[in-house]
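Lifted from TrEMBL, the feature list:
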type	residues	note
DOMAIN	6-120	domain 'Tetrahydrofolate dehydrogenase/cyclohydrolase catalytic'
DOMAIN	139-281	domain 'Tetrahydrofolate dehydrogenase/cyclohydrolase NAD(P)-binding'
BINDING	Gly165, Arg166, Gly167, Val233	NADP(+) binding site
Amino acid sequence: MTATILDGKATKNAIFEQLRPRVDALRERGIVPGLGTVLVGDDPGSAMYVRSKHKDCAQLGINSIRRDLPAEITQDELAKVIDELNADPDCTAYIVQLPLPKHIDANAILERIDPAKDADGLHPVNLGRLVLGKEAPLPCTPHGIIRLLRQYEVPINGAHVVVVGRGITVGRSMGLLLTRKSENATVTLCHTGTKDLAAEVRRADIVIAAAGVPALITPDMVKPGAAVLDVGVSRTDSGVSGDVHPDVREIAGFFSPNPGGVGPMTRALLVSNVVEAAERAAG
Ligand SMILES: NC(=O)C1=CN([C@@H]2O[C@H](COP(=O)(O)OP(=O)(O)OC[C@H]3O[C@@H](n4cnc5c(N)ncnc54)[C@H](OP(=O)(O)O)[C@@H]3O)[C@@H](O)[C@H]2O)C=CC1
Ligand SMILES: Nc1nc(=O)c2c([nH]1)NC[C@@H]1CN(c3ccc(C(=O)N[C@@H](CCC(=O)O)C(=O)O)cc3)C=[N+]21
Ligand SMILES: [Mg+2]
């Protein structure tokens, strides 16, 4: 069997076409949504993601507000940039690109973001609202994964989903979204304390690999016909690698490639959060 490819690029384009009339409607009311990005240091990967996010915005007529800052910036200086974006009426919503340099207390910075301007959906208040089942901007990568599964009609209700990784950006928030009544999945979250990763993954109808370990998921670990989503990104000397071994394609029923799968979906749902924040602010 060769898996059906979950095409994140095409699905992102479809989402953009749904967002376009909403951006146009805001602009007709004199409201131009603006996405802010805060990038600290000169990691080439992070710089590339930030560039592509602004390109996405330009495509839809959303303004870009960029704060590119030196790696040596102090906690207080960075906090001041956050305060400025919170106060800037042109900045509808923004993200602080992670990771931040080691000398920065990242949690203190993330908590300082105005929750109403949280484009990532990762502010503690918004994660708390998600836990409580209240409306909140949703974490972009997990939300993108759900939209991708729905686009290809992969059954989620009642499915056993194994998520590899419990990071806040992907794994842990993925579990929160999937266990809502609207998704109704049964979720196993795996991490470095998991005793037998292969045995856990083998039971999964849907595997979400978000550990950041090249080729962690091998064909022998996958139940034939399962949906496998490759989220992890590792930069090695030989280029960029996902968490899923390429031969898994021959075993899986659905497969999200990396690149071309979850990455573009993350960006689509980020832009969607900006549009929703602008609509909420406009009333
Ligand atoms: N394509 C996309 O759109 C995006 C991709 N990413 C990528 O997804 C990955 C996850 O991101 P993030 O949530 O921030 O990650 P974190 O680095 O915060 O978390 C990684 C998780 O993976 C677990 N892990 C590491 N090695 C293993 C292993 N051998 N077996 C089982 N679990 C393991 C860790 O376990 P423990 O907790 O025990 O340490 C940890 O929970 C990264 O590679 C990131 O670059 C992130 C965002 C968007
Ligand atoms: N506050 C914060 N929020 C994030 O969402 C966040 C972050 N920090 N730090 C880093 C990770 C990583 N991440 C990606 C986004 C898009 C692609 C993406 O679009 N990738 C393209 C490939 C791009 C290319 O190589 O040209 C693809 O998969 O097809 C990948 C990874 C978001 N992250
Ligand atoms: Mg991380």
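Any Cβ shown, glycine's included, is placed from N, Cα and C.
Around Gly165 (NADP(+) binding site), the same-chain residues at least 6 positions away in sequence with a Cβ under 8 Å from its Cβ are Gly171, Cys190, His191, Ala209, Ala210, Ala211, Gly212, Val231, Gly232. With a cut-off of under 6 Å between the Cβ and any atom of ligand 3, the binding-site residues Gly165, Arg166, Gly167 reduce to Gly167. All chains included, 19 other C-beta atoms sit within 10 angstroms of the C-beta of Arg166 (NADP(+) binding site). Counting residue by residue with DSSP, the domain 'Tetrahydrofolate dehydrogenase/cyclohydrolase NAD(P)-binding' (139-281) contains 57 helix, 29 strand, 57 coil. Residue counts for the domain 'Tetrahydrofolate dehydrogenase/cyclohydrolase catalytic' (6-120) under DSSP, helix first, then strand, then coil, are 61 helix, 19 strand, 35 coil.
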